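S.K.: Sending over a structure as structure tokens; questions will come in a sec.
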Number of protein chains: 2
Amino acid sequence: MNTRLSTAAIDTLRANALRFLAIDAVEAAQSGHPGMPMGMAEIAVALWTRHLKHDPATPEWADRDRFVLSNGHGSMLLYGLLHLSGYDLTLDDIKQFRQLDSRTAGHPEVGHTPGVETTTGPLGQGLANAVGMAMAEKLLAAEFNRPGHTVVDHRTWVFMGDGCLMEGISHEAASLAGVQRLSKLVCFWDDNRISIDGNVAGWFTDDTPARFRAYGWNVIEGVDGHDVEDVDRAIREAQANMDNDIGPTLICCLTTIGKGSPAKAGSAGVHGAPLGADEIAATRTALDWPHAPFEVPDEIRASFDARDRGEAARIEWQARFEAYRAAHPELAAEFSRRVRGDLPSSWRALAPALVRRADNEAATVATRKASQTAIERLARALPELLGGSADLTHSNLTDWPECGAVRADQFGRHINWGVREFGMAAALNGISLHGGYLPFGATFLVFSDYARNAIRMSALMRQRVVYVMTHDSIGLGEDGPTHQPVEHVPSLRLIPNLDVWRPCDAVETQAAWNAGITRRDGPALLALSRQALPHQARSEAQLAAIERGGYVLADAHDPQLIILATGSEVALAMAARDALTADGIGVRVVSMPCTNVFDRQDDAWKRSVLPGDIPRLAVEAAQPDLWWKYLAGAPRSAVVGIDHFGASAPAGALMQRFGFTAEAVTGAARALIEP
Amino acid sequence: MNTRLSTAAIDTLRANALRFLAIDAVEAAQSGHPGMPMGMAEIAVALWTRHLKHDPATPEWADRDRFVLSNGHGSMLLYGLLHLSGYDLTLDDIKQFRQLDSRTAGHPEVGHTPGVETTTGPLGQGLANAVGMAMAEKLLAAEFNRPGHTVVDHRTWVFMGDGCLMEGISHEAASLAGVQRLSKLVCFWDDNRISIDGNVAGWFTDDTPARFRAYGWNVIEGVDGHDVEDVDRAIREAQANMDNDIGPTLICCLTTIGKGSPAKAGSAGVHGAPLGADEIAATRTALDWPHAPFEVPDEIRASFDARDRGEAARIEWQARFEAYRAAHPELAAEFSRRVRGDLPSSWRALAPALVRRADNEAATVATRKASQTAIERLARALPELLGGSADLTHSNLTDWPECGAVRADQFGRHINWGVREFGMAAALNGISLHGGYLPFGATFLVFSDYARNAIRMSALMRQRVVYVMTHDSIGLGEDGPTHQPVEHVPSLRLIPNLDVWRPCDAVETQAAWNAGITRRDGPALLALSRQALPHQARSEAQLAAIERGGYVLADAHDPQLIILATGSEVALAMAARDALTADGIGVRVVSMPCTNVFDRQDDAWKRSVLPGDIPRLAVEAAQPDLWWKYLAGAPRSAVVGIDHFGASAPAGALMQRFGFTAEAVTGAARALIEP
């Protein structure tokens, strides 16, 4: 380091290094968002060089601080920080910004770039992810720390802009963080008064500090976002708030978007487009940055390098953890297992045993009730299971006898999320990303709409999150069409990497839960009935086959028809089969609880379940169009579904009205057999 | 009226009449939500008997106040009010609460029950609908009122509970109402401290009055929600706020859920379940209500009857309107047309002329740009067109030269919605429900997820709303998988009564816009490209056929293959056709811009477009599974689609990588022809 330079001068150079990496990468890509990195550069310097606890060589270190770029379009700021801090992200990677197969995608993607904690870009969700991370930290600390042994103690830091704050999910997330008193959560508001349409005065005039105080946050106002010392002072004040455990902190940083660009700073034009060669030259002059594109002087590079400091911190923690292991060997082993995301060794035997147990019980219950039974049994075996409901606990049936509540000062395992479906789902992603817990959340299936993009993000980020979505289809009954999800099961099936289960009885419900827990690379969503569904008899082979997503539930010597059904309609298919069998017509019934998993089976399995030369009838109380995928190739085929909204009436009356009766299914079946 | 009774005594009886109608109807149905009607009964009495401007005999009166029950589960409160006020809703209707085909559905449904202004139940959306209604009122007043002639001057009143306030959309809606200074919007917060999971202290500790003050609302705190006089006083204070035009008003009413039930008042148990016979008897005793179920004493009934008062108010308005008509005959005629929702008489000729004009221009442009051209032309002919973007105006391309902005004190036609997709969509529903405008809103297609349930509500409520969703599919390019809607077009197609258009060029874009505007019974959603798409040549008959949703764009004498394509992939289909034609293989190309509309065509049309005996190939850069519906029955078939998330890279590189090239489509076509 050039010793002639003052701290302030070094900080200025650091900030400008971040600015120009962003400027140059966006210019090279001819695509991207320079405005935010240029506007938040000093805030980043203050946090990353003075406070952030991380080890660039060990990005997976369990007790690292979590950093979330909720305004993910400013990805180049994060890539610049990761590169200069010493993560495995090279200058060549940065030169490949936004190019095919590069590690520097347009928005930060977790699992794709070392040091990226969550995939952001869809505004507001990063903040909600961070709330989940801070909840996980707090709960894990309560569960594992012991007197004299603090092995969990880290912070969650968030960068966010006006866009995040306008989104509704920011309300859900901030309100939740307040009520849960997440004191180790610190958010930096990039208050630059510009959004894509221009100066926000015309569409965003909230008193944001007052709003966050109303949520129970500590709000630090009036910070100069371009003064590293002022930001540093605010961070230290936030740390003091943490020590007093008085809630999350919002640091309001006054900034200028595109700071440094003579012509474009402070304007929407710098948000999401390259500066252009002339303006870049002008900015180089204005900021006195004589270096070539992508060139960072060695001394600045060295001043950012966090590897030594990070390694020392991690080694210090490792020593503490070894002391913990010595004092609490079982806890330490459990902690290690939990943060690895491994299931207990008992799981391999337990999972099929639970399915067999449900089979033995042969209960006729609503699958939401069967899910509650499954949760209770799973929770006893899996201490990492952590979940709850968006204010429908006694409808979704998510609690269990010894669960205990999660509150600001209570450390149970059941979360009353409040009426916050989207915030819940995004926080579940945060919990899963943090590690240590296997999270689930619940609401009515129809309100999966509210949470939809966060469910998509679970799938995109390959997170093990289980969604418990009850009150499926018109079987919901009297609450009517606003609450009856007729299109939701098929529409959710279309989200890549999401496994949608619609079990037909308690046995399939247990199997669906098992699949969601066993899966490590994506979410599962369970669509569960309000109404009771009868038990279906199965052989051992059939019990094992459920996990294939589609299997033969009942067969005939020489079937003349295959009926495919899911959920509440499997019983109708079985009844139709009985009626036709009585007439000497052989029918195979295929239960298809998860089309997504069935699609991943090999061709031999698929052909064995759905041989090509037999007519097929699909039955599902949902929008029917997707079923044609499973009917293609059959000599004749039809779907019994519902291609319109439901109505308000008792479930039985609706099933009758809309054609979901054994008689109607039998009739549709006959029409295919006797054309 | 029994003259011995004081006003206070009458109000108590009125409130109890509402309570028992709810209690008795829920008990008869053995399903429903008595807690809210019992808790908000006095608030309802204050508003409905002293302030609400409405004429029960003419529910469609343009200048009526709008009443929105955002906590729609309390539907029996609204039904009781409508019945007792004199709407066409009988006691028999109420006895049929939640039964099949009754007019008293589980949640209020607009178009189903006279006097219901919007369908509510999905929490928070009623508030956002109301914001749209109040915006429409304010804009319509600015557009049509003239000095000495006030023909638009009504209020929007909202009931809402903690559930609405926890939802993220309440933030978007309230923030928007503040920035737009919607002074005639008055909301009553049913502050009963109970949500479904119990006392909200464990999950909802916002300082709601402070929060709403942060949005620029007038907040009236500490109102006793069980004292009609106190509520009345607050309403009068809100009216004074209106006169001063200082923003929307929140009236915070302290209430007890299930008020009157000795055992259940103040508990979550009374929220969503019948009280049960014993508790009903106890409540009758406690409230001194000796009447039989569903019996309302005549004098109470008479005291509620709003027909005379309502008719007088409406006649007074009618007289004012006649004076307005005399002074401003053209304005009056235009006003009447606008509130009827009729299009101008010129529309019938204009619509096809605009399609022909686009055809003549033969432009190669992005369909988002073609949409902007369409908007500009439509806006000149249709003064009711009112729309904007959720902070992506210059990406969605929603503005036009003379549009002018909608601000608190500016009355243009373009709305900067801010980053509030869900709030925008629900407000669009409110604008449409209010009447006078034909609203549209825009965001990136991927963020239709954020707005999804409001889009569903547009469809359920059969509202003419146009959604302009740009940056379709992987053609979006560098922003990457978080921003690339691969499953959205098919998943939106599954929403009943929503028409999803994915036009292939400027001509189809204009036709799609025309269809959305012509349609009166539901919404249209346009999925538009970021990238330029080539013009396709069409005959007059083909131009006219676009409105059928699917049609033959190019044919062959004896086609050996049909390629179905939409949007950006139509050009690939045409290129593949060229290649195959050069090899002597005849190919038909079917452009299918709207499968939903195609589905509504008669069988003859469908067969003429898709004859059964020719192999079919579908090509769409989206999740492919839905296409099998249109391939069923063909001798051989395949889909070129994308069943996984996209990636961050320039669009051309992604199209190449994921197989959306003329060569790949040609190859897939050959495989079907030469199996």
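Cβ atoms here come from the backbone N, Cα and C positions, even for glycine.
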S.K.: Since TrEMBL lists A:His33, A:His271, A:Arg368, A:His471, A:Asp479, A:His483, A:Arg530 for substrate, which candidate among A:Ser303, A:Ser336, A:Ser395 does it give for that site as well?
M.R.: A:Ser395
S.K.: Taking TrEMBL at its word that A:Asn192, A:Ile194 bind Mg(2+), choose the one of A:Asp162, A:Asp227, A:Asp230 listed for that site.
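M.R.: Looking at A:Asp162, A:Asp227, A:Asp230, the one TrEMBL places in the Mg(2+) site next to A:Asn192, A:Ile194 is A:Asp162.
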S.K.: Given that TrEMBL lists A:Gly121, A:Pro122, A:Leu123, A:Gly163, A:Asn192, A:His271, A:Phe447 as binding thiamine diphosphate, which residue among A:His73, A:His83, A:His226, A:His414 does it place in the same site?
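M.R.: Candidate listed by TrEMBL for the same site: A:His73.
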S.K.: A:Gly163 (thiamine diphosphate binding site) has how many other Cβ neighbours within 10 Å of its own Cβ?
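M.R.: That number is 25.
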S.K.: Hey, what's the Cβ neighbour count for A:Asp479 (substrate binding site) at 10 Å?
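M.R.: By my count, 26.
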S.K.: When you put A:Gly121 (thiamine diphosphate binding site) at the centre and draw a 10 Å sphere around its Cα, which of the binding-site residues A:His33, A:Ile194, A:His471 have their Cα inside it?
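M.R.: If one measures from the Cα of A:Gly121 (thiamine diphosphate binding site), no binding-site residues come within 10 Å, so the answer is none.
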S.K.: Where does A:Ile194 (Mg(2+) binding site) sit by DSSP, helix, strand or coil?
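M.R.: Its secondary structure by DSSP: strand.
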S.K.: Relative to the Cβ position of A:Glu421 (active site, proton donor), how many further Cβ atoms are located within 10 Å?
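M.R.: That number is 32.
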S.K.: Can you list which of the binding-site residues A:Pro122, A:Asn192, A:Ser395 come closer than 8 Å to chain B, going by CB to CB distance?
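M.R.: Listed binding-site residues passing the 8 Å Cβ cut to B: A:Pro122, A:Ser395.
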S.K.: Which binding-site residues (A:His73, A:Asp162, A:Asn192, A:Phe447, A:Arg530) fall within 10 Å of A:Glu421 (active site, proton donor) by Cα distance?
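M.R.: Near A:Glu421 (active site, proton donor) by Cα: A:Phe447.
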S.K.: Find, for the listed binding-site residues A:His33, A:His73, A:Arg368, A:Arg530, the residue with the lowest Cβ contact count at a 10 Å cut-off, counting only other Cβ atoms.
M.R.: A:Arg530
S.K.: For A:Arg368 (substrate binding site), which of these binding-site residues sit within 10 Å, Cα to Cα: A:His73, A:Pro122, A:Gly163, A:Asn192, A:Ile194?
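M.R.: Of A:His73, A:Pro122, A:Gly163, A:Asn192, A:Ile194, within range: none.
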S.K.: Nearest to A:Asn192 (thiamine diphosphate binding site) by Cα distance: which of the binding-site residues A:Asp162, A:His471, A:Asp479 is it?
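M.R.: So, of the listed binding-site residues, the one sitting closest to A:Asn192 (thiamine diphosphate binding site) is A:Asp162.
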S.K.: Between A:Leu123 (thiamine diphosphate binding site) and A:His271 (substrate binding site), what is the CA-CA distance rounded to a whole number of Å?
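M.R.: For A:Leu123 (thiamine diphosphate binding site) versus A:His271 (substrate binding site), the Cα atoms are 15 Å apart.
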S.K.: Using Cα coordinates, what distance in whole Å links A:His471 (substrate binding site) and A:His73 (thiamine diphosphate binding site)?
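M.R.: A:His471 (substrate binding site) to A:His73 (thiamine diphosphate binding site), Cα-Cα distance: 37 Å.
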S.K.: Could you tell me the C-alpha distance between A:Ile194 (Mg(2+) binding site) and A:His271 (substrate binding site) in angstrom, no decimals?
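M.R.: So the alpha carbons of A:Ile194 (Mg(2+) binding site) and A:His271 (substrate binding site) sit roughly 9 Å from each other.
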S.K.: Rounded to the nearest Å, what's the C-alpha distance separating A:Pro122 (thiamine diphosphate binding site) and A:Asp479 (substrate binding site)? Just drop the number here, would you?
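M.R.: With the alpha carbons as reference points, the distance is 32 Å.
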